[in-house]
Amino acid sequence: SRSQIAISSVMVGLSMMTGIVILVHSFAMTLNLWISQNLVADLYIKPLSCQAAVCNERLDPVDVRAVRSLPEVDFVARFTSFPALYKGHSIWEGFTELDRLYRKAPLSLMTHDPQRVLKAFFEGKGVLVSESFSYHFRKKPGDTLTLPTPKGPFRTHILSVYHDYSSEQGIVLFPWTSLVQLFGTDRPTNISVFLKPGARPDPVIEAVLHSLPGHPRLFVRSQPQLKKRVMRIFHQSFAITYALLGISLVVSIIGVGNTLLMLLYERAEEFRLMRAMGFLYSDIRWMLLLEAFWMSLAGTALGLVLGTGVGWIIVNIINRQAFGWTILWSWPIGTILLLSLALMIVATLSSLLPSLVLTRQTSQQHDETDA
């Protein structure tokens, strides 16, 4: 029936909005947690020309030692990465001073015995792989890997999988001590700088940019700046989903309004009979408003159930297959209920246009009858 079409319009519109809100909120919550656990250094330094994901320029070890020798600096952790092909797919081979980083940023390892895994990793007995690498290549701890390096194929095995949201391509993480052996260099792509307790970052930034020997061209970003940039990129990536929220709302409004308009023409005789029985236009308008309200309420209830299911599928199945990441489930009750209420109100008010059409049409017919 026409009513079922209107209810379906609201249900589909709200389910789209609910699924999108669940995805965005779950991803944002997961990303914020990952940022708080991993981006904990006070400063991040890399070559000024290194703005893209692939960076060919690397830091001079002399500059790294100069930064490390600054009085405000507690310690520095180096990192570098190289693009590589594994089974025909692009991946990253990263080298990290995890023994230093782990003091402030414990890596989120997917294991029950992280200390044993880290001890083996620091001793160069294997590698760590990101969750996306593990999923896409169907690899698990204990499996062997043969990876390309400038020195030839390198055979190793996986110690553990870790949560990572920096690359959907997948990362294989080596200890820093393997860098010279495998790639013949000790130059990092970037360094994480941890300051001594009470030290302010501004003097260090000033010294790095203007006072280092040789005045190297470096790019320095503080922890708050980096976190802000990561979240800005996240929201830019999901900008299209916010537009879908508006589209869903419009679909629901059109569905309810169009259905009521069609009902007007189908029930024209009924409305004329009601007028003959003494019903006022305002009575009929209230009746249409109540019909729209109950259709919107039914569509909203069904949309919440369907949207929650859609959100669960997006977060736990589609996202997993597309990126290989685990996203924490979140049902943002405040946002979803606010959207539901707004949709229900707007869809209900969409009955005003059909009621105005009814008033004008009936008035014209009444005038013609009088004539």
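Quick reminder: no glycine exception, Cβ is built from N, Cα and C everywhere.
Curation plays no part in TrEMBL annotations; they are all automatic predictions.
Copied over from TrEMBL, here are the features:
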- 5-208: domain 'MacB-like periplasmic core' (DOMAIN)
- 12-35: transmembrane segment (TRANSMEM)
- 239-265: transmembrane segment (TRANSMEM)
- 244-361: domain 'ABC3 transporter permease C-terminal' (DOMAIN)
- 286-315: transmembrane segment (TRANSMEM)
- 327-353: transmembrane segment (TRANSMEM)
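Summed and averaged per residue, pLDDT over the domain 'ABC3 transporter permease C-terminal' (244-361) gives 81. Remark: secondary structure over the domain 'ABC3 transporter permease C-terminal' (244-361) totals 102 helix, 0 strand, 16 coil, with classes taken from DSSP.
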